[in-house]
Amino acid sequence: MKSTRPFHPTPVITIDGPTASGKGTVAALVAAHLGFHLLDSGALYRLAALASVRYGIDAQDIDALVKLIDDLHITFREGCAQLDGVDVSNDIRAEAVGNRASAIAVHGPVRVALVARQRAFRKTPGLVADGRDMGTVIFPDAVLKVFLTASAEARAARRHKQLMQKGFSANIENLLRDLRERDARDSNRAAAPLKPAADAKLLDTSALSVDQAVDQVLQWYRALGQPA
């Protein structure tokens, strides 16, 4: 059955889910297949988090964080995240930066400061946006909303592999504990808690390959009558 959601000339596919659920990889491949723009919303938060650390801004200093975000020079180019013209793609994936990003995201004004930047990524021919609240808050009119899930154990194993490949040392037990703590914090925060949109498609990637997950998203998109 086709969606009754109104047609938008610039379609958006949202892919939300917890940390290390595979949403970033799936989103990038779906975007590449469709020729769409890509928004890694988590990278925006991590860029703000990294900048706050580098400039010595406390995670609880809301006014300073908002001003920092307003003044940040952020660009995404050829798969790289740049802060002030410098590629910081590896820096923002460090666990400490991820924890800081989750900590500052609990502040409503911080989220408001980043919303406009996220929505500005919606450009023709379309956008694939991955994050935690893309389908519930940022793009509620998305033509397709996907929420990825996976067991904490599977996600910890993926995160461990990612970090080791990038040259970071990591302990899988510590990663598993951190993931569970972040899940609880992200799910229980007052502003835009981590949860699937009411009309989201749920996709458990625990036992799926990346290609299988991408194929499922594309099948759902085609089922809406969209060219894929």
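Residue numbers in this text run from 1 along the chain shown.
Here the Cβ of each residue, glycine as well, is placed from N, Cα and C on the backbone.
The structure displayed is predicted, hence computed values, not measured ones.
For T25 (ATP binding site), the same-chain residues 6+ apart in sequence whose C-beta sits under 8 angstroms from its C-beta are V210. Feature annotation from Swiss-Prot assigns ATP binding site to G17, P18, T19, A20, S21, G22, K23, G24, T25; the stated evidence is sequence analysis.
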Near-site residues: ATP, ref G17, P18, T19, A20, S21, G22, K23, G24, T25, CB cutoff 8 A to centroid:
V26, D130, L148, A150, R155, R158, T205
Cβ neighbours of K23 (ATP binding site) where a neighbour is any other Cβ within 10 Å:
29
